[in-house]
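S.K.: Handing you a structure now.
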Amino acid sequence: MSAILTDRQAEELHKAIIAYLGVINAPKTAEAFREEANVSANFDDATRKKYEGLLEKKWTSVVRLQKKVMELEQRNQTLQSELDSTTPTSLLRRNQDPASWLPRAPARHTLQSHRSPITCVAFHPVFSSLASGSEDTTIKIWDWELGELERTVKGHTKGVLDVDFGGPRGGTLLASCSSDLTIKLWDPSDEYKNIRTLPGHDHSVSAIRFVPSGAAGSPSSGNLLVSASRDKTLRIWDVTTGYCVKTIRGHADWVRDVAPSFDGRWLLSAGNDQTARLWDASSGEPKCTFIGHEHVVECVTIAPPVSYANLASLAGLKKPPPLSSSAEYIATGSRDKTIKIWDGRGTLIKTLTGHDNWIRSLVFHPGGKYLLSASDDKTIRCWDLTQEGRCVKTVTDAHGHFVSCMRWAPNVIKDVPVNGDATNGATNGLSKKKEEEAAKAGIRCVIATGCVDLNVRIFAS
């Protein structure tokens with residue numbers, strides 16, 4: 001008797017073997033085995049039918065389990081590799097430190113309702129609301145914490161190309177732009193009623209952003225909106241009046257994206273002319289042109305001050321710029337499959353390669369250590385600015401098709417103001433420490449992505 005099986009298990013196995021030998025038409029072998037195994041002689045047809053197929057089922061179950069074990073072992077190796085490539089040595093510390101959090105599959109929520117590809121997403125600055133825009137002409141408002149659709153906003157007659165929340169303090173608005181040549185403003189506090197339509201562009205409006213307010217020299221009190229268009233221009237709008245207050249010309253082709261600096265003093269744009277351009281938001285005058293990409297520049301982003309120390313080190317500088325300064329470093333993503341990091345004077349610092357298709361969106365980690373990218377190769381990649389821009393994580397199964405957009409949820413609290421004019425080293429050090437502590441305290445570890453596969457996904461800790 002086997003030491004592994006109980007008497008009952010051994011009897012069940014023997015009967016299953018006899019039934020199997022009967023199925024394969026080996027009666028002599030079955031009879032010989034019955035005698036050798038001391039199986040009772042009353043192994044009738046009813047008993048045989050009971051055990052027929054049992055051995056095959058057990059065998060295939062074992063094969064399936066072996067396959068599953070191999071898959072889990074492979075997954076374990078992948079996770080271990082990710083673990084080893086991450087800088088913090090303590091798993092507990094990594095889980096508790098928002099400044100080191102990176103997205104991972106699977107997504108917390110997959111939001112489905114759009115009928116055409118997703119083009120854009122945007123987080124409400126206070127509430128757990130997320131807006132998504134689509135080629136189906138609609139905007140959908142979701143509760144990203146619950147993963148539920150709250151409402152569908154209709155008004156555009158062609159595809160929605162970008163959305164953004166912002167506006168004067170205490171009066172958050174949602175702005176959207178479209179291939180129908182218009183920008184629309186919606187009031188979240190009044191069931192997303194369309195309160196204003198801004199015509200003026202002569203072609204599709206590709207991107208919009210509210211211009212932040214509050215900094216010395218900022219042209220905005222929270223009521224300005226900047227738009228980029230296929231008509232080769234940028235326009236600045238006053239959302240309280242609906243008037244276009246400035247038109248900025250300089251690009252030679254379609255302007256694909258625009259991003260304001262955190263203090264609203266600078267605007268960064270890029271497009272089909274394969275350049276990115278930095279503009280003074282007050283005067284509309286160009287400050288710098290970034291030349292180096294070999295194809296359309298799809299997306300741009302301006303580095304937050306919390307990343308200055310890491311980017312200055314990447315640039316070979318001993319001392320970072322003051323935290324009060326803006327547009328010191330930028331990043332651009334292109335159809336040439338590369339990401340380029342520049343300083344604010346147009347000097348190329350680093351080219352990041354690894355994506356296999358167009359770069360569609362860039363986001364600096366609010367902790368200042370990473371740059372994240374989304375691409376038509378269906379992945380999200382995380383680049384470590386403290387490791388020479390090395391790709392330390394790839395979310396390979398982020399979506400099932402081109403990842404068209406990505407946004408990071410805004411911080412819970414505002415950054416602590418710092419005195420950028422201080423020249424004393426200790427004072428600057430204290431300011432930097434306060435800045436980092438405030439940034440960490442406010443980081444929400446939540447990312448939203450949109451895709452051609454009609455899905456919006458929420459990646460969260």
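Note that Cβ sites are derived from N, Cα and C of the backbone, with glycine treated the same way.
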S.K.: Between the candidate ranges 79-98, 419-438, where does Swiss-Prot place the region 'Disordered' annotation?
M.R.: 79-98
S.K.: Pick from 60-87, 340-367: which range has coiled coil per Swiss-Prot?
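M.R.: When 60-87, 340-367 are checked in Swiss-Prot, coiled coil belongs to 60-87.
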S.K.: Using DSSP, what's the helix, strand and coil tally for the repeat 'WD 8' (446-461)?
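M.R.: Grouping H, G, I as helix and E, B as strand yields 0 helix, 12 strand, 4 coil.
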S.K.: Are there three or more C-beta pairs under 8 angstroms joining the repeat 'WD 5' (292-352) and the repeat 'WD 1' (113-154), sequence spacing 6 or more?
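M.R.: Contact criterion not met.
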S.K.: Looking only at residues six or more beyond either end of the repeat 'WD 6' (354-393), which have a C-beta under 8 A from one in the stretch?
M.R.: 82, 85-87, 98-104, 298-301, 303-304, 306-311, 313-314, 331-335, 337-339, 341, 399-408, 411, 436, 439-440, 442-443, 447, 449, 459
S.K.: Take the repeat 'WD 1' (113-154) and count its residues per DSSP category (helix H/G/I, strand E/B, coil), listing them in that order.
M.R.: 0 helix, 23 strand, 19 coil
